[in-house]
Every structure is written in C-alpha cells, then in structure tokens.
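What follows is a set of notes on a single structure, which appears directly below.
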Amino acid sequence: MSTPPTKATTTTTTAKGKTAGAAERAVPVASRIRSSSFVIVAMSRLRRESSRQSVITVELIQFIIQYRAKETQEKKKRRLADEDDELSEVQPDAVPPEVREWLASTFTRQMATTRNRSDEKPRFRSVAHAIRAGIFVDRIYRRVSSSTLMQFPPDVVKLLKNLDDWTFDVFALTEAASGQVIKYVAYDLLNRYGAMHKFKIAPGVLETFLHRVEEGYCRFRNPYHNNLHAVDVMHTMHYCLCNTGLMNWLTDLEIFASLLAALLHDFEHTGTTNNFHVMSGSETALLYNDRAVLENHHVSASFRLMREDDANILSHLSREEYKELRTLIIDMVLATDMTYHFQQLKIMRNLLTLQEPTIDKSKALSLVLHCCDISHPAKHWDVHHRWTMLLLEEFFRQGDLEKELGLPFSPLCDRKNTLVAESQIGFIDFIVEPSMTIMSDMLEHILAPIAPVIKSKPGPLVEENATSADGDADESKKQNACAMTRKSLTPSAAKFSINKPWLICLSENKKIWKEQAIKDAEARALVAAAEAAAEAENNPATETEDGAQKEAVVE
C-alpha cells in the first residue's frame with residue numbers, strides 16, 4: 001500500500017502543475033496577439049500568475065522577451081508610417097524653378113494623413129502555401145469556346161501576342177481594335193489569370209462591363225487620361241505580376257483586384273488635375289472635401305457601375321471576398337494620388353531598411369500600381385514620346401480653361417512657357433527612376449523566399465497553331481517574354497533579382513531629352529536674339545539715344 005504524499009510534496013506538485021499550465025497557456029495567448037496593447041495585458045497577467053507561484057519558468061521568460069521585441073518593432077513601424085511628405089530628393093538648383101514648382105505642386109501635399117492598417121495580410125506559413133500559389137497557373141481556365149475566339153479580329157490577335165513585352169504599343173492596337181482596346185485587352189488578361197472561371201463571371205456580363213468602362217474613359221475625350229492609358233497601365237500591371245513572379249505571392253482574389261484596380265484607376269477622368277478641381281470649386285471637389293478628388297471619384301464610380309445587374313462582375317463573390325477585394329481596390333486607387341508620392345516611397349524605403357521587414361500586401365500592390373501609372377518614361381522612346389505629347393496637350397487644355405476662368409496657370413499648363421525636355425528630365429530623375437528602384441527592391445525582398453517554386457506564366461487567350469518558329473525566336477524577345485520559370489536556388493546561388501527592362505529605357509530616354517534640352521535652349525536664344533534685333537529696327541531713335549549715352553560715358 002503506497003504512502004500518500006505529504007502536504008509539502010502536494011503543494012510543490014500543485015505549484016509546478018499550475019506553473020506548467022501557465023507556460024502551456026502562453027502559446028495560444030501568443031497566437032492571438034494582434035496589437036501592442038494586448039501584449040502588455042498578456043504580460044501583466046503572466047507576471048501576476050508567476051508571482052503567485054513564486055516560480056519563473058524558462059518558457060515565461062522567453063515569452064516576455066519575444067513580445068517585448070515585437071512591441072518595439074511595431075512601434076518603430078508606426079513611427080515610420082507617420083512621417084511626413086518631403087521633397088528632399090530635389091535640390092534647389094537641380095532643376096529649373098518651373099520644373100521644381102511642378103514637382104512640388106504635383107507630388108507633395110501640405111497636410112498628410114496616414115492610415116494605419118492593423119489587419120495585415122498573412123504571409124506564407126509554409127512551403128505548401130508557396131507551392132499551392134506557385135502552381136495556380138497550372139489550373140488556369142482556358143476552355144473558351146471557338147465562338148468567343150472568333151470575336152477577336154485577326155489583327156488584334158496578332159498584336160496581343162506582344163502583351164507580355166515590357167513595351168506594348170497600345171496605339172497600334174487601337175487602330176486594329178477600332179478604338180475598343182479595353183474590350184480586347186481586359187478580356188484577354190482576365191481570362192489568362194482565370195478570373196472568369198474562378199469567380200463565375202458570365203461572358204455577356206463581362207463584355208457589358210468592359211463596354212461601360214470604355215465609355216466612361218472616353219466621356220471627356222481626353223488626350224491622355226483615356227481608354228488607351230487604362231490599357232497601358234493594366235498591361236504594365238500584368239507585366240509586374242507575371243514577369244517578376246509577383247502573382248505567386250498573391251491569392252487569386254488579390255490578382256483579380258490588382259487587375260481591376262489597374263483597369264479602373266482613372267475611370268471617368270475629367271482631363272484636369274485635382275488642383276484644378278479645388279481651385280475652380282467643382283462639384284466633385286465639394287463632394288470629396290478637396291482630398292484626392294479624382295481618385296475618390298474613380299473608385300466610387302467604378303463600384304457604382306459594378307452594382308448594375310448587367311455589369312456586375314462581382315455578383316458571385318462571397319461577402320468576405322467582396323469586402324477584401326473592395327478594400328484592396330480602394331487602397332490601390334487612392335494611392336495613385338500623386339500628392340502621396342514621396343510619403344509612399346519613404347515609407348517603403350524605411351520598411352526595407354528594417355532587419356526583418358513585414359510588407360503589407362496592400363502597400364506593396366499600391367506601390368506597384370503607382371509605378372505602373374507613371375511608367376511611360378520607362379518604355380521605349382517612340383511610345384514614351386507619344387505619351388508625353390498627349391499629356392502635355394491635356395495640360396495645355398487645362399491651362400486654356402484656367403485662363404478663361406481667370407485662374408493662375410498650373411505648372412506645365414501654359415502653352416507659351418513650358419520647358420518640355422527639362423520637365424521630362426526632372427520627372428525621370430526625381431519621380432520615375434526612384435520609384436522603379438524602390439519597387440524593384442521591394443519585389444526582390446518579397447519574392448526571394450518563394451523563388452524556387454515560381455512556375456510558368458498564364459497562357460494567352462488566343463494562340464497560333466504553328467509552333468515551329470518558337471525555337472528561332474531571338475534572345476532579346478525571350479528576355480522580354482513572360483517567362484516565369486526559375487531554377488531552384490541553392491545555398492551558393494547568387495542573390496535573387498528580377499528582370500528590369502525599364503533601366504535601359506530610362507537611361508536612353510533621359511539621354512535623348514538632354515540632347516533635346518540643349519537644342520531647345522539654343523532655339524530660345526536665337527528667338528530672343530531675333531526679337532531683340534526686330535525691336536531695335538522698330539525703334540531706331542531709341543538705339544541712337546543709347547549710342548549717344550554710351551559715347552558720353554566713354555568721354
């Protein structure tokens with residue numbers, strides 16, 4: 001017969017049991033922690049519990065250290081997110097005063113408001129998650145009926161084969177597509193990523209939706225912010241998703257939201273800037289209280305369109321899916337407001353300097369869309385130059401309106417006094433190039449852990465039957481193609497990097513603009529000299545008096 005334990009033994013056993021229970025409860029408590037305030041409450045509770053037992057376990061000490069570190073990290077992130085905008089990248093004497101004024105008025109704002117997100121998207125929790133995301137293209141929906149394929153004109157089919165290139169000539173496509181570029185490009189891309197199949201979008205509903213989007217972009221007949229710009233940005237988003245491997249980091253819903261945000265980011269653009277709406281006191285500015293006036297309208301009008309029964313491509317999303325997609329699209333489109341530019345870059349740059357940065361998907365995709373929106377200076381010269389002339393014409397039309405209304409000219413809106421080449425050099429140096437650099441660094445940080453499982457690209461909607469010429473494609477075409485396959489990384493492998501075709505384009509375009517700036521300066525000098533000579537001829541008496549005064553001074 002065993003002897004019952006003494007009172008002291010019983011007390012010790014009970015204390016150890018309670019302490020062990022406290023340590024065991026630390027794990028589920030830790031898994032539920034979402035904010036620093038909860039960390040403090042949890043730690044205080046554990047301290048009280050441990051003090052009652054007069055025992056501090058190793059697990060308890062580890063728990064306290066771990067979440068103290070997490071609390072410090074989150075405080076640092078919040079501090080970085082709360083920093084103000086600045087134009088520190090632009091030195092006072094780096095660009096002409098007019099160009100600096102344009103940069104300051106367009107890409108900065110006086111009162112910045114920061115929206116902190118506590119509901120950060122989850123990262124990959126295991127290799128299985130990465131593999132499942134990486135092979136989603138193997139499940140891509142391609143069962144499109146032959147009647148649907150027949151709706152694509154042959155010339156359109158031919159041009160869509162270049163949709164995987166970094167520079168896509170949307171101007172050539174608009175001629176082949178009779179101006180309906182959104183109809184064909186958006187339809188093709190949504191099918192490449194399987195959106196119609198995965199989210200049960202009826203073909204007729206999608207066609208109606210795309211037709212209404214095209215109408216909205218063409219409503220004000222803008223030279224630049226029109227359906228061609230929408231397709232250009234959507235194509236660039238596709239390139240970033242596909243060629244870099246970014247799509248492997250995202251869910252199907254996030255890919256769908258990214259493509260829609262790119263397509264709709266300038267829906268019903270008026271062809272004038274936010275500053276014009278504010279200065280003229282437009283109804284839109286009054287509605288949105290002078291804050292991100294156009295961007296708020298773009299996203300609001302887009303969701304109003306998608307509430308119409310015959311254009312509702314989101315009708316089969318669950319309540320949770322709709323909420324997630326809507327939140328992501330709103331975040332991405334509002335981030336295209338140029339006054340957030342420097343703040344957006346500064347936050348991402350500072351995040352990337354942390355030892356183990358955690359990048360929120362919404363912030364990452366917002367930066368990608370912003371870069372896509374301003375990417376035309378990073379495309380081939382012929383396409384970039386055409387976009388530049390169209391944008392300047394839109395600016396000049398706004399300047400004409402400002403003159404009629406008695407408002408001061410906005411920067412680059414005066415037809416008679418705009419330095420075209422200098423403005424583009426400043427735009428590339430201080431806006432586009434830094435943006436593309438930070439986006440590249442962000443993508444390489446995000447994608448390095450999943451690089452070994454990145455799979456092949458989503459296939460195009462329309463494919464040629466003949467494949468014999470595939471082996472003869474030149475090397476430069478292969479580099480531009482959306483080739484997603486990566487070799488598995490080994491410990492000795494070099495640092496993961498993405499292809500950056502925009503670097504060459506930016507360098508070449510800037511060189512051309514600098515040459516043009518020299519020519520323009522010489523032309524302005526000749527014009528000034530000619531005007532001075534003409535004025536002298538028209539006022540000979542004044543010239544004689546000036547000569548006499550000079551002689552008197554000499555004597």
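We number each residue from 1, going along the chain as drawn.
Glycine is no exception: its Cβ is also placed from the backbone N, Cα and C atoms.
Database features (TrEMBL):
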{"type": "REGION", "residues": "1-23", "note": "region 'Disordered'"}
{"type": "DOMAIN", "residues": "148-520", "note": "domain 'PDEase'"}
{"type": "BINDING", "residues": "His225, Asn226, Asn227, Leu228, His229, Asp266, Asp373, Gln424", "note": "AMP binding site"}
{"type": "ACT_SITE", "residues": "His225", "note": "active site, proton donor"}
{"type": "BINDING", "residues": "His229, His265, Asp266, Asp373", "note": "Zn(2+) 1 binding site"}
{"type": "BINDING", "residues": "Asp266", "note": "Zn(2+) 2 binding site"}
{"type": "REGION", "residues": "459-479", "note": "region 'Disordered'"}
{"type": "COMPBIAS", "residues": "532-542", "note": "compositional bias 'Low complexity'"}
{"type": "REGION", "residues": "532-555", "note": "region 'Disordered'"}
Cα separation, His265 (Zn(2+) 1 binding site) to Asp373 (AMP binding site) (Å, whole number): 9
Binding-site residues compared (Asp266, Asp373) - highest count of Cβ atoms within 10 Å: Asp266
Inter-residue Cα distance where the pair is His265 (Zn(2+) 1 binding site) and Asn226 (AMP binding site), in Å: 11
Inter-residue Cα distance where the pair is His265 (Zn(2+) 1 binding site) and Leu228 (AMP binding site), in Å: 13
CB contacts for His225 (AMP binding site) [other CB atoms within 10 A, all chains]: 22
Beyond the site residues His229, His265, Asp266, Asp373: chain residues whose C-beta lies within 8 Å of the centroid, for Zn(2+) 1: His225, Ala230, Val233, Ala262, His269, Thr336
Protein Cβ atoms within 10 Å of Leu228 (AMP binding site), excluding its own: 23
